[in-house]
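Notes follow the structure.
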Amino acid sequence: MSATIDDRSRLSDHLPPFALRELFILGGGLLVLLTARLGRYPLWGDELYMVPAGRRLSWSYADQGPLVPLQAYVSDLLAPGSAVVLRLPVVVLTVATVVLAAVIARELGGGRAAQVVAALGYTCTPFAVQQSAALSTFAYDAALTTLVCWLVIRWVRTRRDALLIVAALVSAVDFQVKWLILGVWALLGLGVLVWGPRQVLRRPALWIGPAIVAVSTVPALVWQARHDWPQLAMGAAIEGEQSTMVDGRFASAVRELVLTTGPGGILLLIGIWAVFRAPDLRWVRFLLPLGLLPLAAVLVAGLRPYYLGDGFALFFATAAVHLVGDGLRGRIGKALGAYCAAAMVVVVAVVCVLPLPQSWLHGPAIRNGDMAIRAQFFGLRGWPQLVDTVAHAVDAVPEAERARVVIVRQNYWQASALAVLGSADLPPVYSASRGYGYFGSPPDSAAPVLYVGGVDLERELPARFATVAPVGRLDDPSGFQGVNYGIRVWLCSGPIRPWSQIWPELMTLRIDHGA
């Protein structure tokens, strides 16, 4: 097998025509459609968090690299509070990933039809629809990883070593988003060792590339070492959050996988299978671990399904080349064409209709799974109510103490909402949750403290403060737990221990909605 892959004599130097007109229409239409809906969804908790993270620029954070917070910071400087400006880059990245799916299909020998099917296959996944709706690390990671995969595939076909250097430079940028790119290269290396082409191991460019990536990791690794490697602990934190889903970890993983891929999940599996079995794709069999191992990690280890999203464009391309080739012929071609047309209609309808009216909601969303689904269909609403509740609690603090009061939030979503949406005269905001905890603790001189969180804090706060008095609550009948439902505000005085001592004990990488 490896000999076949190492021998590129069967690979044509001439690529099929590029579907420029079709992709221009698709990409342009997507850009307009996705941009038009950017302001309709309220900001998500993670989006809000990016802004205060960007205001505290660092070489690394507990949960990500510096690139996305930097973009959030710049967007907030250009247009404070604008969801459209904050999210516009992810729309561009999503459209770029759609085009890259077609480019990979062409690189694999697919004609215009295969290129369009690959692009449509990625476009019609819930993953693509969701990643273009909100600022996230995964929109960046999916685009950059797909670009790296195309560069590697093109190197295998052309043996132009400059492509490996460019792939390393792109990887160095991607590392500033998430560390997942190191896993991508590890899986590619595993594939090369098993299936070839092993000639790459003898190329000087291959070893220049890791040096470039290694240099780019130094500042982040120094930061992580100084803070006890929180990013390495994020996997366990995410797995723990997945295990709290109401239907169990495995069932939740399957459900979320279906919600992430949609009907296109079948194409995804076909694409993985085609890399393993199709003779025309044998020369890229080294890509197989990129499909199989992340899928196993989602189902077995409890990782979130969007970790698989980095390979979506790649395997939609291999599926399109295997099923379509040069044209939509035969029953499979007609069925695939009908699927793409129907799926595109659904995508347009979903983008135009969502979010659904709030009047349709009855009852609060309390469990993690319910919150995630409702937020996708109705939007994560309630931040202004939360900010107003805290502002009223601040007004209730005696005027003599108001200058020294600080606000401590139970989770980083809440803290970020106050930091971004609250008025400039609000007291300083702190939270020990996830990355926000690394922004620093309240000063030991801070007193009193407005503690904001769920009802579960009522049992914990008396052990931390001499006096604890409730001063506010928020329970929207159709709200989100930890956003505008189940919120309590306490005025706490007389900390039993200094903040500098208790803060490391309070810090957690998990997000607690206070249910």
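Cβ atoms here come from the backbone N, Cα and C positions, even for glycine.
Annotated features in TrEMBL:
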type     : residues : note
TRANSMEM : 18-39    : transmembrane segment
DOMAIN   : 64-223   : domain 'Glycosyltransferase RgtA/B/C/D-like'
TRANSMEM : 84-105   : transmembrane segment
TRANSMEM : 138-156  : transmembrane segment
TRANSMEM : 162-193  : transmembrane segment
TRANSMEM : 205-225  : transmembrane segment
TRANSMEM : 257-276  : transmembrane segment
TRANSMEM : 283-300  : transmembrane segment
TRANSMEM : 306-324  : transmembrane segment
TRANSMEM : 336-356  : transmembrane segment
Establish whether the number of Cβ pairs under 8 Å between the transmembrane segment (306-324) and the transmembrane segment (84-105) reaches at least three, counting only pairs separated by 6 or more residues.
yes
Please average pLDDT over the domain 'Glycosyltransferase RgtA/B/C/D-like' (64-223) for the predicted structure.
92
If one takes Cβ-Cβ under 8 Å and requires six or more residues beyond its ends, the residues near the transmembrane segment (336-356) are 33-34, 37, 40-41, 116-117, 120-121, 123-124, 129, 262-264, 323-324, 328, 376-379
Are there residues at least six beyond either end of the transmembrane segment (18-39) with Cβ under 8 Å to its Cβ atoms? List them, or say none.
83-84, 87-88, 91-92, 94-95, 98-99, 102-103, 106, 112, 115-116, 119-120, 123, 132-133, 348, 351-352, 354
